[in-house]
Amino acid sequence: MTIALGKFTKDEKDLFDIMDDWLRRDRFVFVGWSGLLLFPCAYFALGGWFTGTTFVTSWYTHGLASSYLEGCNFLTAAVSTPANSLAHSLLLLWGPEAQGDFTRWCQLGGLWTFVALHGAFALIGFMLRQFEIARSVQLRPYNAIAFSGPIAVFVSVFLIYPLGQSGWFFAPSFGVAAIFRFILFFQGFHNWTLNPFHMMGVAGVLGAALLCAIHGATVENTLFEDGDGANTFRAFNPTQAEETYSMVTANRFWSQIFGVAFSNKRWLHFFMLFVPVTGLWMSALGVVGLALNLRAYDFVSQEIRAAEDPEFETFYTKNILLNEGIRAWMAAQDQPHENLIFPEEVLPRGNAL
């Protein structure tokens, strides 16, 4: 029996091969198969955001002005979430709410669902782009894995959280001041800053910033002075084969500073990857918990003692009072459709009053 070894070659290219050749061609801006998802979705998400912040009011959904046309600036303009009465409707332009009327669609908050969904798929497309290019140039896919952190946060905050609540209304609107309002809402209604998942997220993000600063400074401190140039940027050939800084010197330095130091570059750089990505993922998991209205830490014994003893107060009990204030003041302002009216006696006051 004869076994023929060799690569099977087709006589003529089919449509897939033709598209593959064109999409993955070496050009100034790589397109790739991921580009079929990334570029249209990113274009529509950004275009929808610029359109909404420029022209579209939030009067019908939040009772607010939210566009440049109404007098907002870059910090106060936003693409606002749909009204609470629309629940979790996808708000398709041709759906039963807008019925093909573009103006009405914008008034109802259709641009928010448009931007949120296209934005989510654009982020996923960008991660797939990193996978695709890494595979093409034979790199490992850790860039794409790292980018899963921001995707997890976006999806949990903008999609999963409102899905767990009564509607898209409770998601963040796409704007700077709108995000700040959402943060205050999270604190007042969920005590988010005392949530351990938020603590891990803060530790991850700030820890990553510290690691970046330390790493950059250490590399700059231990550069080999073997170039002719006068400064860092002129002294080295970008194609040189040898390393540009001394890991041994850096190790000795930090061993003296802390008593411990990274002994190899692989562990060092993996740690720099692990800290922020894990922090972002933990924060995203915490937001999923909030979508289900899971409580954070409750130190009930301190609350009971503070209620019984006017002279006993902790930073925790002070924060609980602040949260009650946020809820009492924000609920009426933020959910005008509920017609909430709080009598004076239920508004929170300090223990001393």
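All positions are counted from 1 along the displayed chain.
Yeah, the Cβs are placed from backbone N, Cα and C, and that goes for glycine too.
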Swiss-Prot record, transmembrane segment, of the ranges 6-22, 125-141, 329-345 the matching one is 125-141
Between the ranges 27-40, 153-166, 265-278, Swiss-Prot assigns transmembrane segment to 153-166
Swiss-Prot record, transmembrane segment, of the ranges 41-61, 62-82, 83-103 the matching one is 41-61
Note: vs the transmembrane segment (153-166), the recorded stretch with the largest number of Cβ pairs under 8 Å from 41-61, 125-141, 208-228, 279-295 is 279-295
One should report the C-alpha separation between Gln130 (pheophytin a binding site) and His118 (chlorophyll a ChlzD2 binding site), rounded to whole angstrom, as 18
Cβ density check for His215 (plastoquinone binding site), other Cβ within 10 Å (all protein chains) comes to 16
Among the binding-site residues listed as His118, His198, His215, Phe262, His269, the Cα nearest the Cα of Asn143 (pheophytin a binding site) belongs to His269
Quick note, His198 (chlorophyll a PD2 binding site) and His215 (plastoquinone binding site): C-alpha atoms separated, nearest Å, by 25
